[in-house]
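The block underneath contains the structure these notes are about, expressed in structure tokens.
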Amino acid sequence: MAMRRMVAKEYITYAYILLYICLSAGQIFFNKWVLSSKEINFPYPLGLTLLHMIFSSVLCFALTKIFKILKVEEGMTAEIYATSVVPIGAMFAMTLWLGNTAYLYISVSFAQMLKAIMPVAVFILGVAAGLEVMSCRMLLIMSVISFGVLVASYGEININWIGVVYQMGGVVGEALRLIFMEIFVKRKGLKLNPISMMYYVSPCSALCLLIPWIFLEKSKMDAQGSWSFQPLVLILNSLCTFALNLSVFLVISHTSALTIRVAGVVKDWVVVLLSALLFADTKLTLINLFGYAIAIAGVAAYNNSKLKREVGQGNAGGSQHGESVPLTSPATPTK
């Protein structure tokens with residue numbers, strides 16, 4: 001009987017991991033389709049991201065305060081919110097906005113390849129913030145990742161530098177968000193699960209997106225009548241975003257934060273290969289794939305190094321019980 005329970009629990013864990021990979025990859029394709037499809041006619045990445053955050057804010061409030069299905073962890077103060085949550089929310093908004101905008105200019109597969117540079121940005125900013133220590137090993141890993149991304153970019157047939165700039169801007173925003181998250185956890189001493197992070201961060205991100213949306217996209221949407229955006233598509237797209245964040249919570253609660261990072265690498269390969277089949281603007285070359293393989297090898301080494309450091313600091317046990325993790329971005333891979 002005990003053996004059956006263990007087997008059943010193992011299958012449930014694999015099911016949660018598969019759910020996360022499917023939702024994460026599906027959300028990327030869904031966003032690309034909504035932004036570039038002539039049938040949907042909604043080429044407004046800022047507006048789409050704003051809708052996601054408003055939907056997440058309303059749903060989080062309903063689930064935690066009205067229906068009380070989920071619980072928000074206590075300990076948040078006005079000082080912590082202003083100094084930690086607001087910067088995290090602003091960087092989260094920046095990441096989603098710029099990352100979604102990149103899909104208007106570059107293919108999904110190339111966007112994923114550029115995202116592989118994320119550990120490099122996180123490490124450099126971490127060193128600057130005093131959270132990481134420069135070493136020969138880490139310098140070698142960062143060099144391997146950077147070289148792989150450069151090779152993958154060299155092999156891109158239809159490269160659009162505007163899209164590259166947007167995507168790299170999203171990478172910088174995500175790196176800053178992760179740095180703020182680490183400072184938030186280490187220096188403020190407050191750990192929040194993804195549900196609590198969505199509850200606190202989503203309204204802040206929505207406000208950060210609302211201001212530029214009013215100046216950059218609202219007039220265009222009014223002029224072109226894009227307010228006729230199909231409600232069902234909107235609800236499904238926003239619901240998929242929310243479900244993606246919930247899937248992170250499920251995987252973390254049953255495994256660890258490292259599992260999410262490993263699953264994210266698998267998901268990235270799935271997205272790169274499937275995008276070649278689903279979208280006409282994706283043309284993969286051997287140089288693309290070779291460079292991306294090098295970059296992913298560097299990312300795997302980076303994740304392994306992070307795991308060893310966490311174990312050395314005695315944090316591995318905490319990650320098995322719902323450790324605070326970065327809020328998942330629908331447009332970017334989970335780190």
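Here the Cβ of each residue, glycine as well, is placed from N, Cα and C on the backbone.
Just so you know, TrEMBL annotations are computer predictions that nobody has curated.
Pulled from TrEMBL:
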COMPBIAS  326-335  compositional bias 'Polar residues'
DOMAIN    16-303  domain 'Sugar phosphate transporter'
REGION    312-335  region 'Disordered'
TRANSMEM  12-30  transmembrane segment
TRANSMEM  42-64  transmembrane segment
TRANSMEM  76-98  transmembrane segment
TRANSMEM  104-131  transmembrane segment
TRANSMEM  138-155  transmembrane segment
TRANSMEM  161-185  transmembrane segment
TRANSMEM  197-216  transmembrane segment
TRANSMEM  228-251  transmembrane segment
TRANSMEM  258-280  transmembrane segment
TRANSMEM  286-303  transmembrane segment
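Against the transmembrane segment (104-131), the recorded stretches 42-64, 138-155, 161-185, 258-280 differ in Cβ pairs under 8 Å, and the greatest number is found for 161-185. The transmembrane segment (42-64) makes contact with the transmembrane segment (76-98): 3 or more of their CB pairs lie within 8 A, with pairs spaced 6 or more apart in sequence. Using the rule of three or more Cβ pairs under 8 Å, pairs at least 6 apart in sequence, the transmembrane segment (76-98) is in contact with the transmembrane segment (197-216).
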